[in-house]
């Protein structure tokens, strides 16, 4: 079988490592994630250009996970770390009887955590964009998600009982993330409307449940050496399929049913297409020349004209040509002491609500 050749080409260097059956299982998961990646690529590029933000985030998650499973199925991206607990059977005792050192080493796939550092914040960002959270609040939630993953990696690489200190740091960080998702962020999603709140609530509770199981698997696998490497791959694989295929596609299709403008994801770039919101329909390379034409015809003032009027003084009686008397083109009445006529420029986009 072609999958089994991965172990032959990249032999196991740990005493407790990946089996050929485990490699086959990982190659099957690689196929699932590769299919998910292709599906998301097709869906993303078939949507309007202004409605692809969530699709591109999902695409990045699928691409990273596909590479992760290709590496693990090839028995690459791991380190040999001595176990803290020697268990019966092929979890340590059998290897010691065969001449392995005491304690024997176990394969710790650090490539998994490298992928998690990328994908976990992206999954959370997909959720939090469906709330009224300020960017600073979103940042701190993503930071603690990264910190939890890094702590899990460091703990897995530590051979002594000190690994559980990093495990504790990681669990506490994860609990803060889950609390943020289920309480303040869920309340904030009501600001966008009922449909947004329902979509967020369903996505947040399901993702939080899946994320809460990861530390349990870590404690049984890398932490306590209770289950074999093949069993570790099985449980992590089930969780990854649930979060990065089933949940990802389900949440993405739920978001597609919502009005996109409410997310306030407009970049303001001239390359952005016009939106239904009239505030975003005047962008483009020709917008500047149109505003210049309006100014020449006595239309709304440009920002340069406003600056000139501001520096002209507070009497408000100077005209645009620099004359000292009021006239048809005067910016102020001259009697009010500094009031400029005209419409004040408005912001192109309303800021995200601060919670």
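Using the three backbone atoms N, Cα and C, a Cβ is placed for every residue, glycine included.
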Quick one: which of 4-23, 84-103, 164-183 does TrEMBL have down as transmembrane segment? 164-183
Among 56-78, 263-285, find the range that TrEMBL records as transmembrane segment. 56-78
Where TrEMBL places transmembrane segment among the ranges 113-131, 303-321: 113-131
Long-range CB partners for the transmembrane segment (164-183) (under 8 A, at least six residues beyond its ends), listed in sequence order, are 124, 127-128, 137, 141, 144-145, 147-152, 154-155, 158, 204-205, 207-208, 211-212, 214-215, 218-219, 223
Using Cβ atoms only, state whether the transmembrane segment (138-158) and the transmembrane segment (113-131) have three or more pairs under 8 Å that are 6 or more apart in sequence. yes
Taking residues 6+ outside the transmembrane segment (113-131), which of them lie with a CB under 8 Å of any CB in it? 53-54, 57-58, 60-61, 64-65, 67-68, 77, 138, 141-142, 145-146, 148-150, 152-153, 156, 177, 181, 185-186, 188-189, 191-192, 196, 199-200, 203-204, 207, 211, 243-244, 247-248, 251-252, 255, 258, 263, 265, 355
